[in-house]
């Protein structure tokens with residue numbers, strides 16, 4: 001399960017950006033063509049955040065659909081796999097979205113001093 005290593009990296013990046021502040025929420029964008037399983041990330045998140053500033057944080061995942069642009073006609077089509085056929089019959093597609101993995105938002109607890 002490569003999601004465990006991916007989740008460890010996400011926790012490390014968020015921890016670095018939080019600079020010691022308690023993290024309340026993390027929003028990820030995961031492309032549907034990325035071969036990353038959101039449910040596995042959720043499972044690993046609970047394990048990887050134990051004893052960190054992310055412990056107890058809410059994890060939200062926004063799944064980004066696959067979208068391709070035809071090199072022949074310029075048309076755009078939604079993809080559920082990294083290849084497809086355009087309405088014009090061409091298989092020459094460039095992926096626009098669907099392979100991403102982004103930490104989109106981090107919400108931290110504000111400390112009043």
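Quick reminder: no glycine exception, Cβ is built from N, Cα and C everywhere.
Small disclaimer: the values here were computed from a predicted structure and weren't measured.
Sequence-distant neighbours of residue 2 (Ni(2+) binding site) (same chain, 6+ apart, CB under 8 A from its CB) are 36. Feature annotation from Swiss-Prot assigns Ni(2+) binding site to 2.
Annotation comment: Swiss-Prot describes 70, 73, 86, 88 as Zn(2+) binding site. Counting every protein chain shown, the number of other Cβ atoms lying within 10 Å of the Cβ of residue 73 (Zn(2+) binding site) is 13.
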Subject >> Beyond the site residues 70, 73, 86, 88: chain residues whose C-beta lies within 8 Å of the centroid, for Zn(2+) >> reply: 71, 72, 74, 75, 77, 87, 89, 90
Subject >> Chain-internal residues near residue 70 (Zn(2+) binding site), provided their CB is under 8 angstroms and they sit 6+ positions away >> reply: 76, 77, 86, 88, 90, 92, 93
Original post:
What count of other C-beta atoms do you get within 10 angstroms of the C-beta of residue 86 (Zn(2+) binding site), across all chains shown?
Top reply: 19
Original post:
What does DSSP assign residue 86 (Zn(2+) binding site), in three states?
Top reply: coil
